[in-house]
Protein chains: 2
Amino acid sequence: MLEVLSEHRSFGGTVGFYRHFSESCNAPMRFAVYRPPQIEAGPLPVLYFLQGLTCTEENFMVKSGAQRVAAQLGLLLVSPDTSPRKTGIPGEDDEYDFGSGAGFYVDATAEPWSRHYRMYSYVVGELPLVVAQNFPADSARAGICGHSMGGHGALVCALKNPGRYRSLSVFAPICAPSRTPWGQKALARYLGDDPEHWKAYDATELVSKGPIDLPILVDQGLADPYLAEQLQVDLFEDACAACGQPLVLRRQEGYDHGYFFIASFIESHLRHHARALTGQAEAD
Amino acid sequence: MLEVLSEHRSFGGTVGFYRHFSESCNAPMRFAVYRPPQIEAGPLPVLYFLQGLTCTEENFMVKSGAQRVAAQLGLLLVSPDTSPRKTGIPGEDDEYDFGSGAGFYVDATAEPWSRHYRMYSYVVGELPLVVAQNFPADSARAGICGHSMGGHGALVCALKNPGRYRSLSVFAPICAPSRTPWGQKALARYLGDDPEHWKAYDATELVSKGPIDLPILVDQGLADPYLAEQLQVDLFEDACAACGQPLVLRRQEGYDHGYFFIASFIESHLRHHARALTGQAEAD
C-alpha cells in the first residue's frame, strides 16, 4: 500500500514522493520516483539513485536536474530515503553520520540497529518489488547510481549481486569504508566491532574478489574536501586494476562534493546507464 | 566590500554566494552569482532572477538547473535574497508572507519597515553596481526574470524603468498585488493603507499606462494552487492586450507553482533572454 505524499509535473513527466511500510526495515520508508513522458509506451528501465549522508528522498530529485535527461532517454528514476526515520531507537537523530540519514546501505546485525536499519535488503530486494507493483517498471532492466555514502551503497549492491544491475556509476563514493572514519564508525556500530564483518560492505574489498561484468563509471571532484580522508578513490582504482575490473574514473578539476558537482555530470551518467539499459545509440 | 560565503564549480563555471552591506537596506544582504565558463572572454550580459516568498539567495541556484544553459549561452546569473534579514525589526520572522523572505521588491515607506525593507532600490540600483564592481558584467546588457513574488518584482522593475532591462520573462507572477491577498497584506504594511500608493508596485496597473519596448514571456502552470486567488495572470493578460503590450503567455497544463515547474522551462527563458542580450541566433 503506497501513500502518495505529493506529485509534481516535471519535464513532461511526474516527480512523486511516496511512503510505505517497509518489511525489511520494519518501519515506514519514503522514496521518490520520476516517471518520464514515455510511461505510456510500456515498462521502462529503472535507475536507482542512492544518496549521501543527511539526504532524504528529496535531494536528488530537487537538486540534480536528472529529470530533464531521463525525460529524453525514457528512464524511470527511483531514489529512496537514506534510512528509516523515527524508529524509536534512542539517539537515532543525534549524529549526522550515523543513524537517521546515515543508514550506510547495510543490514545491521548489532542491537538496537538491527531492528530497523536494514537498508541493504530494502534497496536490493524490497524496493524494486514495490516499484514494480506500483509503476511501469521493467525490473529486468535496472541500473544503480549513487553519491558519497550512496556511491558506496551503489557499488556494494552491484558488486554483491552480479547480474542484478545492468549498469553502474557513482559520484565521489566512499570506496573503502572499513578503512576510513565515517565508514569505520558506522560499520562498527551497525555490524559489531569485528572488522572482518565490515568487508562484506566495502567496495574495495568486494571488487578484490574479482571483476563483475559491468564497466564502472566514477566521477570524483579534485576539490572534494572528503577525498583524501573519507573517500579514497585511489584504493578502489588500484583494486580494480589488480583484478581487471573495467573502470572509467574521471578526476574532475575544481569540483567539490555537493550537488553542483553532481548536476554538472548527471547527464553523462544517465547516458551511460541508458546505453546499457535501452541500447539506445542516441544515448551517447 | 564583498564577503565570499562559498564558491562551487558548476558546469565549467562557478556558483558563488556572497554577502555585503547594503546601503539601500541599511543591512547586510546576500546574493548568488553564476559565472559561466565564458568569463575569460570579457564582460558578459547579466540576467537577474528574483525569487518568491520564503526563498533565500540559494533556491534558484540549487533547484532551477539554470547553470547548464547559462554555461552554453554565456550569461552571468545573479539572484538576490528576498529581503534583508535579522534587521531587529520586531516580528520580522513571524510570517512566511511578510517581513523576512517576503520583501516584495518595494521601497517601504511605513515605519518600521522603511528603515530596512527597500528591496526595489536594492535590486534596480545598488545590486547592479555591486555586481559590476566585482564580476565581469556588462551592465548595459541586463535582463530580468522572476518567480511568483519575484515575478511581480521583475515585472515591476522592468515596467518602472523602460530601457533599463533589455529582456524580461517571469514564471507564475503575482500580477495584480493591489487586488490579491498576499499583495494587499504586504503593500498595506510596507506602504501604508492608501491603495493609491500600492499601484506603483502593481504590474497590471503599471502596464496599463502603456507598453514598454520589450516582449514579455510568461509561463503559468494550470495546476498552480495560487493561480486563481493570488496570481491572476488573466488580469495582466487583459491589461497587456488593452494597451498593446507584447506578451507571450504560455499556460502549462498540469504544472504547479514550484521549482519542478521552473526547472522544466528555465532553458526556454534563458534562451529568450540570450536572444535579446547577446543576439545569438543559436540561442533559439
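Each Cβ is built from the backbone N, Cα and C atoms, and glycine gets one as well.
Quick look at what TrEMBL lists:
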- A:S148: active site, charge relay system (ACT_SITE)
- A:D224: active site, charge relay system (ACT_SITE)
- A:H257: active site, charge relay system (ACT_SITE)
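If you measure from the Cα atom of A:H257 (active site, charge relay system) to that of A:D224 (active site, charge relay system), you get 5 Å. When the alpha carbons of A:D224 (active site, charge relay system) and A:S148 (active site, charge relay system) are compared, the span between them is 11 angstrom.
Summarising the environment of A:S148 (active site, charge relay system), the number of other Cβ atoms within 10 Å of its Cβ, over all protein chains shown, is 26. In three-state terms derived from DSSP, A:S148 (active site, charge relay system) belongs to neither a helical nor a strand segment and is classed as coil. Around the Cβ of A:H257 (active site, charge relay system), a 10 Å sphere holds 22 further Cβ atoms from the protein chains shown. When other Cβ atoms within 10 Å of the Cβ of A:D224 (active site, charge relay system) are tallied across all protein chains shown, the result is 21.
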